[in-house]
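Visitor: If you scroll down you'll find the structure; I have some questions about it.
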Amino acid sequence: MMRTHYCGSLTEAQIDQTVTLCGWVHRRRDHGGVIFLDMRDRDGLVQVVIDPDTPEAFATADKARSEYVLKITGRVRRRYEGTENPNMVSGQIEVLGKEIEVLAASETPPFPLNDDTINVSEEHRLKYRFLDIRRPEMLDRLRFRSKVTNLIRNYLDDHGFLDVETPILTRATPEGARDYLVPSRVQNGSFYALPQSPQLFKQLLMVGGIDRYYQIAKCFRDEDLRADRQPEFTQIDIETSFLNDDDIMDLMEGMTVKLFNDLLGVKFEKFRRMPYSEAMRDYASDKPDLRIPLKLVDVADLMQEVEFKVFAGPAKDPKGRIAALRVPGAGSLTRSQIDEYTKFVGIYGAKGLAYIKVNEIEKGIEGLQSPIVKFIEPIVMQLLERVGAENGDIVFFGADKAKIVNDAMGALRVKIGHDLNLATCEWAPLWVVDFPMFEEADDGKWTSVHHPFTLPKSSVEDVKSNPGEALSVAYDMVLNGTEVGGGSLRIYTLEMQKAIFEALGISDEEAEEKFSFLLNALRYGAPPHGGLAFGLDRLVMLMTGATSIRDVIAFPKTKTAECPLTQAPAPVEANQLRDLGIRLREQQKKEA
């Protein structure tokens, strides 16, 4: 063994023991002939002292610089009084170094690794990710991620789940995003697709009698990136037979409760279950952040007869919405602050942001401050009564197509809540249930809200006659406004699966071409089954307080799906393309 202990594991229990450490020089200080080295490894830091009484070790330490890899043997001793460091696990002790060996020298790193804050671009960090990972902050997050996956495996193993791998090279199926395609050399002109999820394979495992399955699976989606999206991501994928939706939610809730209790010391009460319709009505989001107590109120019925077209139009539009957002005590917002919120909702397509400041409600119209009061004077007091407005409040209004209002006012609710420190708790988990089975696309066709294998609450006949009214047996776990997991019961009869395909405009021929293996499996006695998939990256991001999932992934891609470290994606040799039967078409030069 090259070492006896990790640097960060040494405590007072090792005092007077001789130890051997291996690690990096985190920081070097020379104090009046005595050299101090803060040695760092995966588990943390320890202070090593080298004095001139060991001249060979002292000479080696004198040449060592930041990020040198050293092997040090020495005796653990208590630090002198007044020099302890309560912020370190090893802060009560130090190692008196006797022997030092340089295992590897280091050039000066392109950015400091020993600062608590790092002032360098993310792309530069990703280019030197092997160095960035050395930073204690990054090491802590990756260590935490490992603890999460280990706890999840143990929990699922204890509940009878089997870890089963599913294929990475499969065929393209419509799941909402673009597939990453892999050309086949053997089957020239044909392509594999990297899986967007193991959805169909885990259903086939249920048909095969596996009963309870899980997998920590790599998934791939060729879509535009955001702070919480990557082209390749990790899913905690779960499927089980002969359990209903309540059983599955209870099981997954128990796992989440254990995660937060064991790793963060956070105790959750029973998760609230909120219908999708309530979430959209009160919070304008299917993943509401319940830390923010603000709610939206529908007021379109009061606006139908007003002469103000901004309100009257959406009030009479079946696809429109007018929502009011009362912010208690925020009547002191300045015009410039309101202008900033107006710009903010514009990001979501809103054309403006109407408001009423309630100064002295007992004075009626005279006690209000607003550019819109004169247009809605006949109903303004009724409006304020409905939203529960009081003196000192401000009420914002969104009026447009329902989607624009929901996107804009839902985001505004959360932003104002954070800006004004209105959050009532640190964590707010819930289940959102009773999702619509379908939603209408711009072309008037039905599309799946989740995926076409979700079990509806409706009968086959009702799905065929009135798909727009069908609800699904689907459930999303939401935490602090982020969807961390989503699942459903699955269709397990051939008749229902064909009815769903029909509602989606998928012909029998297309269904057989793309899903013949699934349809065939449903002919041979599929059990009732369902499951859920957690986004591991997003879950760890929330639990560690990271601002991006790129900070909890060892080697992530940038927002443009590139890897600065390896320069992927990259061109390939012409002979490789030729073997695959692929020829690149030169882009036409732009005319001058």
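Placement of Cβ uses the backbone N, Cα and C atoms for every residue, glycine included.
What you are looking at is a predicted structure, and each value in this text was computed from that prediction instead of being measured.
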Visitor: Considering the ATP binding residues R221, D222, E223, E483, G535, L536, D537, R538 given in Swiss-Prot, which of Q230, Q497 is annotated for that site as well?
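Guide: ATP site check in Swiss-Prot: besides R221, D222, E223, E483, G535, L536, D537, R538, the record includes Q230 out of Q230, Q497.
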Visitor: Quick one: which of 99-102, 199-202, 279-282 does Swiss-Prot have down as region 'Aspartate'?
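Guide: That would be 199-202, the stretch labelled region 'Aspartate' in Swiss-Prot.
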Visitor: What else in the chain is close to the region 'Aspartate' (199-202), if you only count residues 6 or more beyond its ends and a Cβ gap under 8 Å?
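Guide: Apart from its flanks, the region 'Aspartate' (199-202) reaches 166-167, 170, 173, 175, 213, 215, 237, 239, 451, 453, 515, 517-518, 531.
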Visitor: Averaging the per-residue pLDDT over the region 'Aspartate' (199-202), what integer do you get?
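Guide: Computed over the region 'Aspartate' (199-202), the mean pLDDT is 96 on the 0 to 100 scale.
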Visitor: Quick one: of the recorded positions H31, G82, H450, R490, which has its CA closest to the CA of R538 (ATP binding site)?
Guide: H450
Visitor: When the region 'Aspartate' (199-202) is classified with DSSP, how many of its residues are helical, how many are strand and how many are coil?
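Guide: Tallied per class, the region 'Aspartate' (199-202) gives 4 helix, 0 strand, 0 coil.
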Visitor: Can you tell me which of the recorded positions H31, G82, R221, H450, R490 is spatially closest to E483 (ATP binding site)? Compare CA atoms only.
Guide: H450
Visitor: If H, G and I count as helix, E and B as strand, and all else as coil, what does DSSP give for H450 (L-aspartate binding site)?
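Guide: In the DSSP reduction, H450 (L-aspartate binding site) maps to coil.
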